[in-house]
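Taken straight from Swiss-Prot:
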type	residues	note
DOMAIN	177-430	domain 'PI3K/PI4K catalytic'
REGION	183-189	region 'G-loop'
REGION	302-310	region 'Catalytic loop'
REGION	321-342	region 'Activation loop'
Amino acid sequence: MEEWDGDVFTWNAGKEDIYTLIESILRLLKNGCKGMENMVVKYLGTGATDSLYMYFPWLRGRDLESRLSVEHQIDRFWKIRFELHEERTNSMDRYEDIVSSFLALDTKCGILGKLEGQMALVDEIRRIYSITSQGSPRKKRLREYRLHGTLCLHPGAGSMRLYASLFSLDATVKEIIFPEIEIFPSSTFPILVPLRTDRGVSRIIYKKGDDLTRDLFVLETIRYMSRLMGVDLVTYKVIPLSRKEGIVEVVDGIDFTRIRSRKDLEMYIEEDRDPRHQESFEKRKVFVSTLCGYSVACYVMGIGDRNPGNMMVTRDGKFFHIDFSHVFGRDPKPISSRITIARPIRDYLVNDELIYQDFLARSGEAFLQIRRSCRKIFVLWCILAQNRIFQFDLNEIIPFAQARLRMEMSEQRALELFEKEIRGAVGSLKTSVAHLINRVGMFLRR
């Protein structure tokens with residue numbers, strides 16, 4: 001198999017036993033087979049300058065300059081920094097190659113100044129979080145008192161300073177909006193930090209106590225699944241700083257702790273428009289298609305701890321999930337359903353038979369598309385798993401996904417069982433109980 005060219009690679013990838021294929025891919029990746037990355041990218045159907053290139057371990061320095069944009073080079077910096085921070089990359093040659101690579105990039109596009117500004121912003125956000133966590137209070141209000149009390153006693157803490165944006169390469173952060181910092185009443189009490197930039201206000205979340213490398217793995221997979229399904233699924237960026245710390249990009253939208261009824265949902269995504277209007281129809285269509293896409297993605301990867309706080313919808317009607325701390329069946333709530341449909345969404349679907357049937361049909365189509373393309377997803381996972389930043393065992397996650405996709409059955413039988421699963425998710429008693437428990441927990445932490 002080491003003699004594959006692009007066409008032979010495609011044929012073997014489609015015909016071989018999945019485990020033989022995985023073993024061959026891993027061997028080729030480990031040996032750094034010349035041109036392997038181009039064959040894999042061609043097989044996966046991704047762009048020539050796709051961010052996937054930064055996950056090939058043997059590509060270094062000049063090999064990456066023409067393949068990655070400046071934005072992806074910065075993403076690569078944070079990945080490499082993580083690996084060095086975790087002391088999992090001990091080769092001095094590797095370190096020198098990294099330094100030389102970024103010095104060359106700095107000459108071309110001034111990348112080091114941007115990185116310095118980003119790191120200064122990270123240090124300031126860490127300082128803010130440390131104020132809220134002094135004494136480790138288990139109440140949101142106590143943490144807020146500490147933060148705003150410090151700002152009152154030391155008004156200079158909120159003084160203006162220029163930083164580089166972490167997620168918008170061309171934006172400059174002019175100010176951290178200290179009075180509007182929020183603390184979430186979840187178990188690790190992450191903070192939401194508003195930033196005033198030269199392009200408007202953006203927001204980021206700082207988390208401590210969560211491993212955001214799982215989120216990164218899931219989001220890379222969802223981006224690829226989005227292409228396979230032909231549905232524009234919302235994703236966002238994350239920067240894991242360590243195994244227990246990281247920063248998350250905030251996508252504008254509203255979560256389902258604030259959408260508590262069908263009427264709330266209709267008002268948000270339809271804006272009180274006449275349902276006969278084309279714009280309203282398109283937004284409903286977008287909502288249903290993205291709901292189906294995310295439902296299938298979360299089902300296949302066994303994403304757990306789904307609650308109203310980590311399900312969101314954008315103003316243009318796109319549904320999406322956030323917070324992927326528990327994946328591949330490792331759900332802290334054993335009573336949870338394998339597909340979670342929040343109550344307002346359930347009521348929205350069953351209120352209109354046409355919308356409900358459209359949801360069932362689109363979910364089935366998305367499931368079949370992922371099932372038919374599962375080999376490509378597994379090849380993507382092989383590439384990601386070669387990076388030290390991720391700690392997933394392919395011998396666990398691939399069989400898990402195969403079981404969810406019911407690869408041992410005929411396509412028709414697998415679809416029938418999935419349709420039964422998705423029908424059961426609408427109005428699931430397990431979901432109602434799990435969400436009630438989550439609300440009680442959040443109330444106790446306020």
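Using the three backbone atoms N, Cα and C, a Cβ is placed for every residue, glycine included.
For the region 'Catalytic loop' (302-310), the DSSP-based tally of helix, strand and coil residues reads 3 helix, 0 strand, 6 coil.
Per DSSP, the secondary structure of the region 'G-loop' (183-189) breaks down as 0 helix, 1 strand, 6 coil. Mean pLDDT, taken over the region 'Catalytic loop' (302-310), works out to 92 on the 0 to 100 scale.
Using DSSP to sort the residues of the region 'Activation loop' (321-342) gives these counts of helix, strand and coil: 0 helix, 1 strand, 21 coil.
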